Amino acid sequence: MTNLVLFGPPGAGKGTQAIVLKEKYQLVHISTGDVFRQNIKNQTELGLSAKSFMDRGQLVPDEVTINMLRAKVEEHKDAKGFIFDGFPRTVAQADALAELLASMGEDVDAMIALEVDDEILVQRLLERGKTSGRADDADETVVRRRIKVYYEETAILKEYYQKQDKYYGVNGVGSIEDITGRLSKVIEKLI
Ligand code: B4P
């Protein structure tokens with residue numbers, strides 16, 4: 001299996017690139033944000049508990065997120081590999097991912113981070129907020145809070161994977177195709 005973590009702050013383009021990369025490399029794409037949004041749409045219990053956190057720009061609690069991710073991975077045990085998009089976002093989530101993959105005889109192969117300046121992130125998210133209907137994109141205060149939460153709780157994962165020699169940083173500014181090309185160069189060294 002090839003197991004990739006696509007990393008970066010909110011609006012860095014993780015979801016945008018994951019959709020292209022999953023087809024190109026035949027990997028199963030798991031976006032925790034998308035799974036939460038689908039559950040909100042379907043008004044499930046999981047969706048109802050996630051919504052209040054997401055609308056405020058905060059992280060959904062680890063226990064809820066980890067249980068959901070575990071169930072998603074277990075649905076695809078025969079996959080060629082995974083692209084994890086938006087997960088892990090905390091050290092507890094990274095530990096849980098390592099444990100889950102180890103139980104399958106697997107491990108994270110790489111964390112690939114999209115690097116984008118904060119002001120570009122804010123612009124991208126507010127632009128998407130004009131049409132996406134996403135409450136967390138519509139309001140600048142919430143957008144900035146999401147970026148703050150990223151620095152407070154998530155950015156530490158760069159060191160977590162650097163210590164394991166698994167961290168790769170990629171410039172996330174440019175055309176979508178150019179960025180796919182940069183990510184592909186890293187991935188092709190790994191598979
Ligand atoms: P996510 O759904 O993961 O979303 P994201 O951070 O907004 O974005 P992403 O980086 O995927 O950006 P995208 O490609 O869409 O999280 C939303 C919320 O869910 C979190 O705040 C949290 O509450 C909750 N959540 C999710 N996972 C969690 C976890 N593990 N633990 C706890 N809570 C969790 O791109 C953004 C915009 O930029 C788009 O409009 C796109 O078109 C544009 N764009 C992309 N690439 C571009 C480029 N190269 N140039 C110009 N624009 C570009």
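Going from the start of the chain as shown, residues are counted 1 onward.
Cβ from N, Cα, C; glycine included.
Automatic, uncurated: that is what TrEMBL annotation is.
Residues or ranges marked as ATP binding site by TrEMBL: Gly11, Ala12, Gly13, Lys14, Gly15, Thr16, Arg128, Gly174. Taken from TrEMBL, the feature region 'NMP' covers 31-60. Residues annotated as AMP binding site in TrEMBL: Thr32, Arg37, Gln58, Leu59, Val60, Gly86, Phe87, Pro88, Arg89, Gln93, Arg134, Arg146.
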Do you know the DSSP helix, strand and coil residue counts for the region 'NMP' (31-60)?
-> 21 helix, 1 strand, 8 coil
If you measure from the C-alpha of Arg128 (ATP binding site), which of the binding-site residues Val60, Arg89, Arg134 fall inside 10 Å?
-> Arg134
Among binding-site residues Gly13, Gly15, Thr32, Arg128, Arg134, close to ligand 1 by Cβ (under 6 Å) are Gly13, Gly15, Thr32, Arg128
Beyond the flanks of the region 'NMP' (31-60) by 6 or more, those residues with Cβ under 8 Å of it = 14-15, 18, 68-69, 72, 85-87, 89-90, 134-136, 142-143, 145-146, 149, 153-154
Which is it, of Thr16, Thr32, Gln58: the one of these binding-site residues whose Cβ has the most other Cβ atoms within 10 Å?
-> Thr32
Least buried of the binding-site residues Arg89, Arg134, going by other Cβ atoms within 10 Å?
-> Arg134
For Arg134 (AMP binding site), name the DSSP secondary structure in the helix/strand/coil scheme.
-> coil
Greatest C-beta neighbour count within 10 angstroms, which of the binding-site residues Lys14, Arg128 = Lys14
Rounded inter-Cα distance in Å - Thr16 (ATP binding site), Gln58 (AMP binding site) = 21
Average the per-residue pLDDT over the region 'NMP' (31-60) and send me the rounded value.
-> 96
Among the binding-site residues listed here, Gly13, Gly15, which has the most company in the form of other Cβ atoms within 10 Å of its Cβ?
-> Gly13
